[in-house]
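> Take this structure first; my questions come after.
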Amino acid sequence: MRALRCSIIRGVAGLRMASSVLDEMKEQMLRRSKEDHKKIGDLRKKHGHEKLCDATIDAVYGGMRGITGLVYEPSLLDSAEGIRFRGLTILECQEMLPKAPGGKEPLPEAMFWLLMTGEVPTEEQARGLNAELHRRVDPEAIAAAQKAIAALPKNAHPMTAFSVGVLALQTYSKFAAAYAAGKSNKKTYWEYALEDSLDMLARTPAVAAMIYNRETKGQVELAAPSNSDLDWAANFAKMLGFQDEEFRECMRLYLSVHADHEGGNVSAHTTTLVASALSDPYLAFSAGLNGLAGPLHGLANQEVLKYLFSMQERVKADGVNVHDEAALEKALTKYTWELLNSGQVVPGYGHAVLRKVDPRYTCQRNFCLRHNFQDDLFKLVNTIYMIMPGILKEHGKTKNPYPNVDAHSGVLLQHYGLTEQNYYTVLFGLSRQMGVLAGVVWDRLQGRPLERPKSITTEMLAKKYLCNSL
């Protein structure tokens, strides 16, 4: 109760104490919302009866794949260009978003600004947002998460710890406190959702870093204290225990490109669905993390690494020199055909929507080339990249023979010594909160209702279609 009372006080006061950079963010959001409000009104008035898609029986039994049933503002997946963050491609984001001094990768806080407002922030706005996030770091809230994580069984998965940590932070929710106190309404829900989102973005890096130390050393604590002089990704890297500037750049890239991926994937849709019940952003994001923890969603890069390690063992056993490009290409071609002919798939290749090389893969590959990676794992993944599309086209059983983001992300982390594969999904979640929380705030800003689709039964379908066909 004490935490709830404190949250009520902070929640009501927090909106009055907004910094100038937060005022700028809100101003941009309100301006765009006003424009969208007119568009939405016109769309519903003039075209509300138009069909977006046909929901076939195959589709409802097939995980609703291909059914257009959601409006999600932060990003859109283009089958030709890949993910677009507020209309910008990955390459455009890399070129246009503010960077750290001397760096080439976008700052994740700049990406968050873009996802939240729809506008590219200035250097000053990106720095101001970083300062705002540092201001919101609350030792008391982080200590609550630390205590909750420390109470878990030793064999608890890092994603279990992350979800529990976020739920512990929830006791400081300004959205929940204001709602309980009767201080919020439909017109102000979005502001409290934004407050919670900023607080969460400020506090989850420390929670994630403590989980890493728990995984590597058995202690739920930071490897190094937070440093308010550093940007969001660099400070996270420091709390993990990595001091190398090149690794900081790696984290800026990794956390930026994984920030969002449209609204229909499990973690984004779960977060959106739970938040539609006016559950606060902490509850919603924790639910999204639980979806992300599923092996069909967040574990793909680990599957790729298992595949690469198995290839590495075969290459070694066959006496192939990974630095002999021709010999390596010949060996990997042989192994790949054996894999495909046995009925298995190549992890990291193919995509449900995209029909070209995933731009997120490309930017990671370019990072490795720019920093002159020479380790065996990169040699493997790079050679596979050169030969795989041709093999898969010849095999003829895939619509997209090109690599996706998961084909490379684990290789980056392995190179810098972050080898704990069970932890990788925590990094994914830390990044993905930027997109899904922006989506939650915009749902509240646009006044979206409780999500409640209609369900049917097999018996009902059988009576309607099978009985009439007999």
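Quick reminder: no glycine exception, Cβ is built from N, Cα and C everywhere.
Among the features that Swiss-Prot reports, active site is placed at His297, His351, Asp406, with the record citing sequence analysis.
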> Find, among the active-site residues listed as His297, His351, the one whose Cβ has the highest number of other Cβ atoms within 10 Å in the structure shown.
His351
> Provide the three-state secondary structure of Asp406 (active site) computed with DSSP.
helix
> In Å, rounded, how far does the Cα of Asp406 (active site) sit from the Cα of His297 (active site)?
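A Cα-Cα distance of 11 Å.
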> I want to verify one value. Collapsing DSSP to three states, which class is His351 (active site)?
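SS state of His351 (active site) = coil.
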> Including all protein chains displayed, how many Cβ atoms other than that of Asp406 (active site) lie within 10 Å of its Cβ?
24
> Just to verify a number: CA distance, His297 (active site) to His351 (active site), in angstrom, no decimals.
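Their Cα atoms are separated by 13 Å.
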